[in-house]
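Read through the structure below, which is laid out as structure tokens, and then see the notes.
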Amino acid sequence: MSSGNAKIGHRAPQFKATAVMPDGQFKDISLADYKGKYVVFFFYPLDFTFVCPTEIIAFSDRAEEFKKLNCQVIGASVDSHFCHLAWINTPKKQGGLGPMNIPLISDPKRTIAQDYGVLKADEGISFRGLFIIDDKGILRQITINDLPVGRSVDETLRLVQAFQFTDKHGEVCPAGWKPGSDTIKPDVQKSKEYFSKQK
């Protein structure tokens, strides 16, 4: 795995690449296009594989929930945009993706994967990296899975909601926090209000 330039609390590495858009067209997109929005940017190893379609379809199926949070989901792999399109045009029952609600970026030179520190150099593919970038372009969360295990859309959605809550209210979110749950005031005295309610 490459070290990359992606660091929590710093600007997310910029990228510009060709993507297959939800309407099936090719378009060059960049991270800068989504300024003012949260972005969930995830890498997957390869098109036409086994775990990857389950993750991509799960994120695509729930794209509207992210959109309601002013958050854009973007997928990326080292495959060409032509390969992405062929996979999208393959029926789900045959291992394809079917119609997508999110853009899929092509990173054939592996520069984006390298910048984000997810390149598995010996195979020339990406680990399952997931990055939450806030509306100011700051990287707030990084997870990188080894190849065999997929990621949770529910947990990603929860993290976006939690970061947005802390941005807006200045309070911090305890383990397992969900919208509507108690939060903690980041102050020695005021935090006792939260802890006094715990069993």
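Every residue gets a Cβ built from N, Cα and C, even glycine.
In sequence order, TYR44, PRO45, LEU46, SER77 make up the list of same-chain residues 6 or more apart from CYS52 (active site, cysteine sulfenic acid (-SOH) intermediate) whose Cβ falls under 8 Å from its Cβ. Taken from Swiss-Prot, the feature active site, cysteine sulfenic acid (-SOH) intermediate applies to CYS52, supported by similarity to another entry.
Feature annotation from Swiss-Prot assigns compositional bias 'Basic and acidic residues' to 184-199.
Residues or ranges marked as SUMO2 cross-link by Swiss-Prot: LYS7 (among others). Within its own chain, LYS7 (SUMO2 cross-link) has LEU139 as residues 6 or more apart in sequence whose C-beta sits under 8 angstroms from its own.
When secondary structure is read from DSSP and collapsed to three states, LYS120 (SUMO2 cross-link) falls in the strand class. Residues or ranges marked as SUMO2 cross-link by Swiss-Prot: LYS120 (among others).
Feature annotation from Swiss-Prot assigns SUMO1 cross-link to LYS185. According to its DSSP assignment, LYS185 (SUMO1 cross-link) is coil.
The domain 'Thioredoxin' feature in Swiss-Prot is assigned to 6-165.
According to Swiss-Prot, the N-acetylserine annotation covers SER2.
Counting every protein chain shown, 11 other Cβ atoms lie within 10 Å of the Cβ of LYS35 (N6-succinyllysine). LYS35 (N6-succinyllysine) carries neither a helix nor a strand DSSP state and counts as coil. According to Swiss-Prot, the feature N6-succinyllysine maps to LYS35.
Annotated phosphothreonine per Swiss-Prot: THR90, in sequence order, evidence recorded as similarity to another entry. Under DSSP, THR90 (phosphothreonine) is assigned to coil, being neither helix nor strand in the three-state scheme.
Look at Swiss-Prot and you will find 176-199 tagged as region 'Disordered'.
The recorded positions recorded for this entry are LYS35, THR90, LYS120, and the Cα of LYS35 lies nearest to that of LYS185 (SUMO1 cross-link).
In the three-state DSSP assignment, the secondary structure recorded for LYS7 (SUMO2 cross-link) is coil. In the predicted structure, the domain 'Thioredoxin' (6-165) carries a mean pLDDT of 95.
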